[in-house]
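Structure first, then comments.
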Amino acid sequence: SVGFKAGVKDYKLTYYTPDYETKDTDILAAFRMSPQPGVPAEEAGAAVAAESSTGTWTTVWTDGLTSLDRYKGRCYQIEPVAGEENQYIAYVAYPLDLFEEGSVTNMFTSIVGNVFGFKALRALRLEDLRIPPAYVKTFQGPPHGIQVERDKLNKYGRPLLGCTIKPKLGLSAKNYGRAVYECLRGGLDFTKDDENVNSQPFMRWRDRFLFCAEAIYKAQAETGEIKGHYLNATAGTCEEMMKRAVFARELGVPIVMHDYLTGGFTANTSLAHYCRDNGLLLHIHRAMHAVIDRQKNHGIHFRVLAKALRMSGGDHIHSGTVVGKLEGERDITLGFVDLLRDDFIEKDRSRGIFFTQDWVSLPGVLPVASGGIHVWHMPALTEIFGDDSVLQFGGGTLGHPWGNAPGAVANRVALEACVQARNEGRDLASEGNAIIREASKWSPELAAACEVWKEIKFEFPAMDTL
């Protein structure tokens, strides 16, 4: 008889393998799945494994031409989610050979491709990925990483300070450059193009690059510190994006910027390679992330997007504030902040980390805290994020009653006061307000900032809970 038997058979017969021992080279995924009523968890988990690897809805003749055992994804464990009805965490192991080397794009096309539209599931969310060292090693990763960046900037022992230039749309290039200069002159390390500033009719990219470069050099000369402005190279085509990055390099500026989700992983990886070859730092903005990661039971958790960015390449990435106006629950945020910075991260379910991740020697990424933060948040930010971070105050700099430069001074004084207090062994969590008040006695700029923002809070419950 012929070995081929046509017809539809249950996924779980082939793809649910509870006895499977995961290999060190497997990519492991944790999915939060909500099956349709009446679909057993094992069948749903097996369906996820099948549809994101070798399976299709019916047996096909060509299955006989390959070795399914070698190439199939396997659902090897299923656990119910506490407190949720009919929701499970399904663990899936993928053989390494299913993925193209050095391609985040291909990895995502497989793991989070068609399977998310699968009818037997009401919802599906990718909670975490374990990237094996064998696969990590096929990626260049961040152009420079944390240590090289500090050496380039000659700034040690404290978080870096930034500011997004507002209003985000509508300024002319010359006025934009002026705002950049004032912020850098006041004491910030970086200023930033807003993520939606690309090359619009009111300010074409080349004009902006030129005026910002002038601002950087003038501020450097006057302060004796290295300064940078994240020049947004994001564009409608990869070629245009590269053209902008090349122009930035010709101006001799230290850093460019990219919106990695709207620009796409392929473009981002190309830009990251260019940045390493040409000594440019790369700042990454995560515009569009909340579309993908904010729903609790469908989509992709940001920790996965953060891991993907570390593989694709970026030296800074926005990662929530814990205290400002945007999403972020403390333990979970710190979980993916560590995934960005550290070489080795232990599995820790209380922080949402489903797998131990070994990055081997892939450089780290600086997390950027940005969004609704001001001087009163400085002690908490210094405490939560530590030295290896970038703290960005947009409105918290430009909204200062006396102008941009005094706003920058206020932030820098607050930061230096917090770092000094921490180094003296004081507890920033309990003494934070006192530390800021004390510092404001000898800094009128800080005193004015303290007055303006003394009552501002963004108190809503976080959605990103376990």
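One is the number of the first residue shown, and numbering goes on along the chain from there.
Placement of Cβ uses the backbone N, Cα and C atoms for every residue, glycine included.
Summarising the annotation, Swiss-Prot assigns active site, proton acceptor to LYS166, HIS285 and lists sequence analysis as the type of evidence. The substrate binding site annotation in Swiss-Prot covers ASN114, THR164, LYS168, ARG286, HIS318, SER370. The feature N6,N6,N6-trimethyllysine is assigned by Swiss-Prot to LYS5, with sequence analysis given as support. The N6-carboxylysine annotation in Swiss-Prot covers LYS192 and is backed by sequence analysis. The annotation site 'Transition state stabilizer' is assigned in Swiss-Prot to LYS325.
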Round to the nearest Å and give the CA-to-CA distance linking ASN114 (substrate binding site) with the residue listed as 'N6,N6,N6-trimethyllysine'.
26
Could you find out if DSSP has ASN114 (substrate binding site) as helix, strand or coil?
helix
Cβ neighbours of LYS166 (active site, proton acceptor) where a neighbour is any other Cβ within 10 Å:
16
Filter the recorded positions LYS5, LYS166, LYS192, HIS285 down to those whose C-alpha lies within 10 angstroms of the C-alpha of HIS318 (substrate binding site); answer none if the list is empty.
HIS285
Span of ASN114, THR164, LYS168, ARG286, HIS318, SER370 around substrate - largest C-alpha separation, Å:
37
Just counting, how many other CB atoms are there within 10 A of the CB of the residue listed as 'N6-carboxylysine'?
29
Between LYS166 (active site, proton acceptor) and ARG286 (substrate binding site): CA-CA distance (Å):
18
Sorry to bug you, but what's the C-alpha spacing from THR164 (substrate binding site) to LYS5 (N6,N6,N6-trimethyllysine), rounded to the closest Å?
62
Taking the Cβ of HIS318 (substrate binding site) as the centre, count every other Cβ atom within 10 Å, in any protein chain shown.
23
How big is the gap, in Å, between the Cα of LYS166 (active site, proton acceptor) and that of SER370 (substrate binding site), rounded to a whole number?
13
Which residue among the recorded positions LYS5, LYS168 has the fewest other Cβ atoms within 10 Å of its Cβ, if you could check?
LYS5
Could you state the CA-to-CA distance between SER370 (substrate binding site) and HIS285 (active site, proton acceptor) to the nearest Å?
10
For a quick check of understanding: among the recorded positions HIS285, ARG286, which residue's Cβ has the most other Cβ atoms within 10 Å?
HIS285
